[in-house]
Amino acid sequence: MLKLLLSPRSFLVLQLLLLRAGWSSKVLMSSANEDIKADLILTSTAPEHLSAPTLPLPEVQCFVFNIEYMNCTWNSSSEPQATNLTLHYRYKVSDNNTFQECSHYLFSKEITSGCQIQKEDIQLYQTFVVQLQDPQKPQRRAVQKLNLQNLVIPRAPENLTLSNLSESQLELRWKSRHIKERCLQYLVQYRSNRDRSWTELIVNHEPRFSLPSVDELKRYTFRVRSRYNPICGSSQQWSKWSQPVHWGSHTVEENPSLFALEAVLIPVGTMGLIITLIFVYCWLERMPPIPPIKNLEDLVTEYQGNFSAWSGVSKGLTESLQPDYSERFCHVSEIPPKGGALGEGPGGSPCSLHSPYWPPPCYSLKPEA
């Protein structure tokens, strides 16, 4: 109706005046987590600054450590320039609805990156409202609402002790500080010196666990961690692991070097065996097959013991393999004594005495002058 009564120029002037006066708008951003909501509050500025985009502030993450203190941190490196952001907080259901500033800031490279809130200021089951703000640009601020009972991280269990309930049954007990036992859920892990992986079991409420059957020849290791259970909250954050405890001191633990040696030798030995089998298989494939015993009858009956003909070996190859025992003869003739005729026998012929194998040449002596 106002737009119809005013001219376009008058309506534009009225808009500019309203913008200079400064109106605030509130935008509610929803997220996938129903427990966390953020209210982004932007204050209008002069028209010449409206075109510049407002950079969002980093998200604040809060965790309550064993209900002793709470740390709320943010990523200070996400800012384009080094900025000391300020944090204010309050509880939604409280008499005082005003924000109070953090009294103990955490720093990263001399830039504020978190806030530590002490135990007396923690109200676990009231909605925690936290506001992050840029002091240089007051229009840059972000508000988040958190349910602290879902953000509790317990301290690691302590004083783990083992006792024998019977000859083959063990009981493990431990303690937790500052948190009621009914509000905690435990994860117990154990293994022996012959196991490669952990066996784990969830234990609710009571800080004890029994192992019904143990082997005296093994050495067992136990450890425990905890989290806030669904009765008191729905935290998914586990505590750190407790210090491990052992049972079976008379058993010598496996030497890690032997395990490493086994881990190397077993694969290498397996590969060597496979390669050897492959070579043996290829060698057997190249060897001719051994004929059945009944086929040997042909060697005696049909081929009359001629193995070469029976096996199919060529005649030329057979002859080349046969040994040659022939020898060349050496011919020897006797040298006559000095002054006598060479080879002259009783018959007066120089050829009457000679080797029986071949006729030697005949010689005649030339008389001396």
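Backbone N, Cα and C define each Cβ position, glycine as well.
What you are looking at is a predicted structure, and each value in this text was computed from that prediction instead of being measured.
According to Swiss-Prot, the protein has these features:
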DOMAIN    156-254  domain 'Fibronectin type-III'
CARBOHYD  N71  N-linked glycosylation site
CARBOHYD  N75  N-linked glycosylation site
CARBOHYD  N84  N-linked glycosylation site
CARBOHYD  N96  N-linked glycosylation site
CARBOHYD  N159  N-linked glycosylation site
CARBOHYD  N164  N-linked glycosylation site
MOTIF     238-242  motif 'WSXWS motif'
MOTIF     286-294  motif 'Box 1 motif'
SIGNAL    1-22  signal peptide
TOPO_DOM  23-263  topological domain 'Extracellular'
TRANSMEM  264-284  transmembrane segment
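DSSP assignment over the domain 'Fibronectin type-III' (156-254) gives 3 helix, 44 strand, 52 coil. Each of the glycosylation sites N71, N84, N164 was scored by how many other Cβ atoms lie within 10 Å of its Cβ, and the smallest score goes to N164.
Classification of N84 (N-linked glycosylation site) by DSSP places it in coil, neither helical nor stranded. Each residue contributes its Cα atom, and for N84 (N-linked glycosylation site) and N75 (N-linked glycosylation site) those atoms are 11 Å apart. In the structure as shown, the Cβ atom of N159 (N-linked glycosylation site) sits within 10 Å of 13 other Cβ atoms.
Cα separation, N71 (N-linked glycosylation site) to N159 (N-linked glycosylation site), rounded: 27 Å.
According to DSSP, N71 (N-linked glycosylation site) sits within a strand segment. Of the recorded residues, N159 (N-linked glycosylation site) and N75 (N-linked glycosylation site) place their C-alpha atoms 36 Å from one another. The Cβ neighbour count for N75 (N-linked glycosylation site), using a 10 Å radius and every protein chain shown, is 12.
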